[in-house]
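Database features, via TrEMBL:
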type	residues	note
BINDING	Cys33, Cys47, Cys50, Cys56	[4Fe-4S] cluster 1 binding site
BINDING	Gly86, Lys87, Gly88, Gly89, Val90, Gly91, Lys92, Ser93	ATP binding site
BINDING	Cys259, Cys262	[4Fe-4S] cluster 2 binding site
REGION	1-44	region 'Disordered'
Amino acid sequence: MAPSLEAPDNVEDVLDNPLKTSPNLVAPEPEHCPGPESEAAGKADSCAGCPNQAICASAPKGPDPDIPLITERLSGIKHKVLILSGKGGVGKSTFTTLLAHAFATNEDNTVGVMDTDICGPSIPKMMGVETETIHVSGAGWSPVWVLDNLGVMSIQFMLPNKDDAIIWRGPKKNGLIKQFLKDVEWGEMDYLLVDTPPGTSDEHLSVNSFLKESGVDGAVVVTTPQEVALLDVRKEIDFCRKAGIKVLGIVENMSGFVCPKCTHESQIFKATTGGARGLAKEMNIPFLGAVPLDPRIGLAADYGESFFDAYPDSPACTALKGVVRRVGEEMGIKAEVILPED
Ligand code: SF4
């Protein structure tokens, strides 16, 4: 028979306890074993006489004691939004910076960005703060402030050399994400945007479990129009549904190319199966809008500038204004990009 993953781990248990690992047993689990990770491990009647009893009894159990501390630390943040993508290279981190700058165009808003892409932290470069370091005070780690009302936290600020590779296994990544939530002085904020790496892995599981108590408004899923990208978006949406995360909607990025000279639009990544709009309909989730591929977005990211300030008249800026409005509607709030000439 072909190998199959039809009987995976208990999904609820993995989502709720991403850090839980099986104790190192010295003998196979006997027939009536309640499970070495269960609350009854080592204490149940069936554990009597089992060679693993001492190991199972002393293994950590129950909810993470840091969750209440995280909930308290984030209590001043009104809205928390996850930015997800099924696949890499679709412009997720770029979209996160655009959304952060968009919210920050309203001077009354305070916006935070948490970069949980531990192995590929690109937010600091896109925000123009790549060479900054974290300041530590008695109150905790301070975010790096890009603007008076826009702060960022990323592992990039902790690297001795900016090109150092981060070669970490899951538990160490989870530990840093926990510190970003527990030890950073986020303070009073209107929005915290959590930029995640592509896929549904350690970082997503830990973000989901650490933020469950403090509450997440939902997730914005970013994709490009072609079916190869949409394939993985379906998995991302399935993850959100299993994890109980509301999908605020899907954004189609690089949706057509707008020539900066003549503003003519052509399709680079053809939507052979209906693109993000078709997928949104198929999966019954909101379609938040389509942002054209504009090389000036990449330029603004490379120079760490706000695209809204640099190219307010571009078609991509117009499209992004619509996306921001729709994100706000799905969150039940009014969200607008406020530019000086508007
Ligand atoms: S001690 Fe109990 S929980 Fe642990 S392996 Fe033995 S039977 Fe299973």
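Every residue gets a Cβ built from N, Cα and C, even glycine.
Annotations in TrEMBL come from automatic prediction, not curation.
The highest number of surrounding Cβ atoms within 10 Å, among the binding-site residues Cys33, Cys50, is found at Cys50. Comparing Cβ neighbour counts within 10 Å across the binding-site residues Lys87, Lys92, the minimum falls on Lys87. In the three-state DSSP classification, Lys92 (ATP binding site) falls within a helix. Ligand 1 lies under 6 Å from the Cβ of Cys33, Cys50, out of the binding-site residues Cys33, Cys50, Gly88, Lys92. When the Cα of Gly88 (ATP binding site) is compared against those of the binding-site residues Cys33, Cys56, Cys259, Cys262, the shortest separation belongs to Cys259. DSSP assigns Cys47 ([4Fe-4S] cluster 1 binding site) to a helical segment in the three-state reduction. When the neighbouring Cβ atoms lying within 10 Å are counted for each of the binding-site residues (Cys47, Val90, Cys259, Cys262), the highest count belongs to Val90.
Compute the center of the Cβ atoms of Gly86, Lys87, Gly88, Gly89, Val90, Gly91, Lys92, Ser93, which mark the site for ATP; besides them, the chain residues with Cβ within 8 Å of that center are Ser85, Pro198, Val222, Thr223, Thr224, Ala229, Asn253. Remark: Ser93 (ATP binding site) has Ile83, Asp115, Asp117, Ser122, Ile123, Met126, Asp195 as non-local neighbours, by Cβ distance under 8 Å and separation of at least 6 in sequence. Sparsest Cβ environment among the binding-site residues Gly86, Gly88, Gly89, Gly91 (other Cβ atoms counted within 10 Å): Gly89.
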